[in-house]
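Enquirer: Let me begin by handing over the structure; questions about it come next.
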Amino acid sequence: MQSVIAQAKRIVVKVGSSLVTNDGKGLDHDAIARWAAQIARLRVAGKEVVLVSSGAIAEGMQRLGWARRPKEIHELQAAAAVGQMGLAQVYESQFTRYGIRTAQVLLTHADLADRERYLNARSTLLTLLSLGVVPIINENDTVVTDEIKFGDNDTLGALVTNLIEGDALVILTDQRGLYTADPRKDPAAQFVDEALAGTPELEAMAGGAGTSIGRGGMLTKILAAKRAAKSGAHTTIASGREANVLERLAAGEAIGTQLLAPTGRLTARKQWMADHLQLRGRVVIDGGAVEKLTSGGKSLLPIGVVEVQGEFARGEVIACVDAQGKEVARGITNYSSAESRLIARKPSSEIESVLGHLNEPELIHRDNLVLV
């Protein structure tokens, strides 16, 4: 078995907090120097690399003299603001040794939820790569709230992979990879060398939350791989404690767990819709509509809508859920929530008489709809 990273041209590398900090007590400059050296050699080998690095909050805690990770979001935001300065400085100084320029890019969910800002972020990152710059990405913790956070840098890494149409996502952690069960509790646990991303059984195998330093457990990594696979990107989850792990992966050595993407990728527009983490509203659809969307590739008509939940405007991305609340699709709505409530359960021929105007005969056109 060969590493899927070997054939990848554009790679997103996510490095966890435990791999760039001294057990949460500030940044580990020597460790960051090693990551910079490996990425520099990947660049020489012709690969484009985007780095998603944790460590800002841990560095901020050290600079502020805090022994424990705070729970209040305003304190976490303050620590991130202080620590982000140090994180950028250390990476810049290390990459400069190899003649490589770095760029700090801080993103929020709002940046990726808004279509124009999404395209601007994509354009900026692709321009940086074309200039030979290594973008170093983190969430803009200073301005986000719990309700609009990516949640962890594993998710952010997957979203960035999709944003730039990366070939592979490498999630480096302090664990070897994925096991069928927690090996610390189950002696019969087997290591998973390779699996198909998005397989339901993988989520059952994954453990709970991460450490006190970081936020991401194995489950977030499994879900990140599932998300990255939608754009056709493969994911490797491997231990960052392995010597020269990035170079060895790039050389074809199979290290860690490889989660392979199914054949095919979503169009850029549908990928953007699929990557929304928070939606303003949703519509409950009947069984017939579920069948038409999932098997027939049809548009969603108002007659198939049972209930409209939330408040949204025309042009926003909303979810389509079945009677049990399971999301089956999402897409760009042609009508606001108020209008949708008025035309729900009605044939398209009655839309104009009910609303006084007709935007489109569909609530969501199939070209603006993606299955999830």
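Note: Cβ is positioned from N, Cα and C throughout, glycine not excepted.
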Enquirer: Which single residue out of K14, K25, K326 does Swiss-Prot record at the ATP site shared with T173, D174?
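Expert: The one candidate that Swiss-Prot places in that ATP site: K14.
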Enquirer: Here's one to test understanding: among the binding-site residues K14, T173, D174, whose C-alpha is closest in space to the C-alpha of N153 (substrate binding site)?
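Expert: If we rank K14, T173, D174 by Cα distance to N153 (substrate binding site), first place goes to K14.
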Enquirer: Taking the Cβ of D174 (ATP binding site) as the centre, how many other Cβ atoms fall within a 10 Å radius?
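Expert: Taking all protein chains shown, D174 (ATP binding site) has 15 Cβ neighbours within 10 Å.
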Enquirer: Find the shortest Cα-Cα separation between D141 (substrate binding site) and the binding-site residues K14, T173, D174, and name the residue that gives it.
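Expert: Its closest listed neighbour, by Cα, is K14.
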Enquirer: Which whole number of Å gives the largest C-alpha distance between any two of K14, T173, D174, the residues noted as binding ATP?
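Expert: Roughly 12 Å, rounded to the nearest whole number.
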Enquirer: Let me know the DSSP-derived helix, strand or coil state of D141 (substrate binding site), please.
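Expert: Coil, per DSSP.
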